[in-house]
Structures are given as structure tokens and as C-alpha cells.
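What follows is a short report on a single structure.
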Amino acid sequence: MGLLTFRDVAIEFSLEEWQCLDTAQKNLYRNVMLENYRNLAFLGIAVSKPDLIICLEKEKEPWNMKRDEMVDEPPGICPHFAQDIWPEQGVEDSFQKVILRRFEKCGHENLQLRKGCKSVDECKVHKEGYNGLNQCFTTTQGKASQCGKYLKVFYKFINLNRYKIRHTRKKPFKCKNCVKSFCMFSHKTQHKSIYTTEKSYKCKECGKTFNWSSTLTNHKKTHTEEKPYKCEEYGKAFNQSSNYTTHKVTHTGEKPYKCEECGKAFSQSSTLTIHKRIHTGEKPCKCEECGKAFSQPSALTIHKRMHIGEKPYKCEECGKAFVWSSTLTRHKRLHSGEKPYKCEECAKAFSQFGHLTTHRIIHTGEKPYKCEECGKAFIWPSTLTKHKRIHTGEKPYKCEECGKAFHRSSNLTKHKIIHTGEKPYKCEECGKAFIWSSNLTEHKKIHTREKPYKCEECSKAFSRSSALTTHKRMHTGEKPYKCEECGKAFSQSSTLTAHKIIHTGEKPYKCEECGKAFILSSTLSKHKRIHTGEKPYKCEECGKTFNQSSNLSTHKIIHTGEKPYKCEECGKAFNRSSNLSTHKIIHTGEKPYKCDECGKSFIWSSTLFKHKRIHT
């Protein structure tokens, strides 16, 4: 009995036979032959490269290759075992119809020794090694392979070596065009076609094209909302089996992929790979439109939709459209009121898993992402990224209408409504309308007088958490917002914005009634009330109304008699901070208001105004 060579496993075609094959069949033939040769080379059987392989690698027509032109390979495989892992050859048989024989277990007495083997056991060792070559041929019956605690049944390909490689997590085959790597050479070959293959599979629904028919099939499910893969545990359904497999890990809680840098563990190796980029700062996914780079291909896909304005997922309830199907799913919960994510600690429920994750940190108090510039810590890396822009002054989000730039995309979205004038959220109590639902929620607290945010230092309460945060800086003296022009620091970003206009002199908000211009849009809104006579802030004690909430707050002190602003020099107290500031001048002797006519100085601006009448 002879030994198996590459000649024995190669399939040949005449010119007539080759011309009967279509492009897909020719490509399949080429892939099978190259894969067979690589398997022999891997075991050290194929030493020199046959002419057929050279021809196929150069993508030339192999029909004119004759069997005697193929270089005979050194002996390597025992034909007894080869019958079980390689198909019978013959030009008359189509390579597509070749079926791998079922492997029959045989006892020691039935084993034929490989030429050169000294014992049955040695021959058996060779046999075990060749089981890994069973690839690229369809089998008539699946075989099972136990790996750790997993039992996998292979119906399409019998390849134990491939299975083992997946579990060692080694990815030796790297793509030259990008940073992606693969555990199998065939996977790399398939991936490379992204760069070379024409996207011939087109979606009739939206016109999107794909490299693979299978990808098109998966994509079509986004339009039909078909989700055939259902979780038995919670009933959640998925449109792809891979997403279903990923979801199942959430029930087991297993996270075998650990980051060596920070110790964080993940359920998927791909998630670990993406996570590592936080430490390395690597952003391999670049937008060809604007040059912006991302650490994840999914983030790049989302970003690209900003350029084309694509929003394929539409809500049937209200007509609102979204970039992602997952965003649509979350949005639908606003209409249904569904809150599937429940906190085990306090039983609070949420409509989004991300909100539950954020909420959980309230119980742990963990803030792992720290700013190197000022030491401030954050729950999320994205929040840290946004915070850093305060220090760098970066404003990547620009309004196409007026050119104004912003630190955050959400701020740009808010700003755009200024141009449209749309205010869809209306207060049922007073009729006031707002751009955002959050602003309406905050406004309603004026009517209910609810102030849930209390200062631990002085017990003062606020209706907004942001107002409490700003207030706390009075006690700490923190002023994180610094002017690059003059170095002056402020406790609020809005105050810094207003201050910067002193240097530029810009007053972009103009009153259409009288032409007066203002630095801030909020100041313009307050000014307009002079013309309209609107006074929305009413004192419950005496019924007096005011056009500004600050004036109402000052007025209320008349009824309470409270004087919170005390002079450290003489102990005199005042109901306004401005009155205290004016009073302090008595102790310092400062007279900042000077007459240009005679040089006389005054403590008060009103006194200077009266004095000027002497000259006129």
C-alpha cells in the first residue's frame, strides 16, 4: 500500500470541464485546493510547491495542468487513514459532490500500520494527528468534540484543530489593510474580500450593498423586524444568532477575557480588544469624509450617518426616526412605559440598561475615570472626554447655520432649535413652552415649589441638581472655568462665556422691538418682558408679580426678614449681596466713581450721576 501525496488529493479538469463551471464553482475549487495544500504543508508533508498550487495562487486557469507536471511530494500520510479524511479522486466526479466517508472506529487488531511505524500505537498517533485535516468537505453526519465544559457538534466541517485554536484565543493571521487578526487563515481570506470584492448584493428596501448574501439576509431582518432567535430565559428576541449567543452569556455571568492593564473582565474577546484601545489610545477606524477617528467600527458607522443624514428606523407611534434599531426600541418604551431593567439594591426600574448601570454606581460610589488636569473623577470615559474639552477649549460640533461651535453634540442639537424656534413642550399650568422636556420638568417645580436638592453645608434647597452643584462652589471657592485671555476664573461656564464677550465686544442677541443687544439669550428673554409687560413670577404672600425669578427671591426676604449677607467688619447684615458689596466700601474708603469734569470721586454711581448735573 502506497503513501498519500498531494497528487492523490488534487482534482483535475479538462478545458471542456473547466468551462462548464461558473465563477463561484471555480473560486470554490481554488479555495479547496489551496486549503488542502496548506494542510499538507502544515504537517510537513508538502515540501516543494506543486505547479498546480503556483498556478492557483497566481489566479491562472488550471485546466491545462497535467498530472505528470505536478511535483510528487515526499511520502507522508498512511492511505488507510487518508480514505477517511480525503475523498476519492476522479475527473468524472464533480468536486462539489465529493462526500467525506464516515469514520469507523476500529480496534487495534484491524489497524493497518503506516509504512515505517513500529507499532500499532505509533500508527494510532498519526491517525489522531490527521483528524485535524478534515475541512472544506461536507460530511453526511456530525461528530462531537468535547472541549473543557463545552460540547460542540460539527455538522458542516469536521476540524478539531480549528476548534482548539478558537479556545487558545490565538490569532496569528493578521490583515495588512487593517488591524484585524484571525485564528484561521480562511477567515482572513474571507475578510480580505472586503477590500477586493464588489458589493454585488443590494437591499431592495434601502439600496444598501453588501459583500455577502448572508450579510444581506441578516440586514433584511432590520426592515421586517424579524427576530427568530429567542432567549428562553427572558423571552428577548434577536435577528442574528451571534447576538443571541452573546446575550446568553449575560445569564451565566461568565467573563473569561481579562484586561491585563486594569483587570476588567469581558464576556467576549472582541469587547476586550476594543477596551484595550482605551489604554493605548488607538483609533483605527477613520472617517473618509472628515478625518475623525474612532476606536470601534460601530462608532464610525454611527458617525457616517451624520454626514448622509440617514435614519432608517422610524417610530410608528409618533413618526420620529432613528439611526439605530436599538435606539428605536428604547424610544418605544416612552410610549409603552416599559421599564425592564430593575436595580437589585433598591428595586428602582429603568427603561434602558445604561441608565441602570449608571444608577448602580450611586450605591458603589465608584468613579474610575479621572482627569489628569484637575483631578475630577467621572463614572464614564465619555463624560471624561467631554470634560477635557473645558481645559483644551476644543469645540468640535459646529452649527452650519451661524458657525457657532460647541463642546458637546447635545448642545449643538439644542442650539439648532434657536434657528427653527420650535418649542414642543408646553406647561399646562401657565402655558410656557420649552425646547426640551427636561426644561419643562424643571419649570414645573416653580409651580409645585419642589426643591429636592439640599446643600449639606447651609441647608439651602434647589429645584435643580445643577443649581446645587453651582451653589456648592460658593462654599469651596472652586472656579474651574478660566479665561485664556486674562486668566480670570469663574464658578460657572455660562459666566465665563458672558465674560469672554467683554474681550470681543460681541452681543449676538438683539431685541427686535428696540434694537438693544445682549451677550446672553437669557438676558434677551428677560428684557423682552419689559415690552410685553409679562411678569410670570408671583409672590404668594402679597400677590406682587415680577419679570425675573431673582427679583421675586429678593422680594420674599421682605416678608421673612432674612438678611443672609453679613459684613465681617462691623456685623451689619443685608438682604442682598449687592448691598453688602456697596456697604464694604465704607470700610475700605474706596470711591470708584470719578467725575471726568472735575475729578471728584464718589462711593455710589447714583451720587456721581446727581453730581454731574452741577456741571450741566
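Glycine is treated like the rest: Cβ placed from N, Cα and C.
The range from 82-104, 128-150, 565-587 that Swiss-Prot describes as zinc finger is residues 565-587. Residue counts for the zinc finger (397-419) by DSSP state, with H, G and I taken as helix and E and B as strand, are 11 helix, 4 strand, 8 coil. Outside the zinc finger (397-419), and at least 6 residues removed from its termini, the chain residues within Cβ reach (under 8 Å) are 386, 389-390, 435-436, 521.
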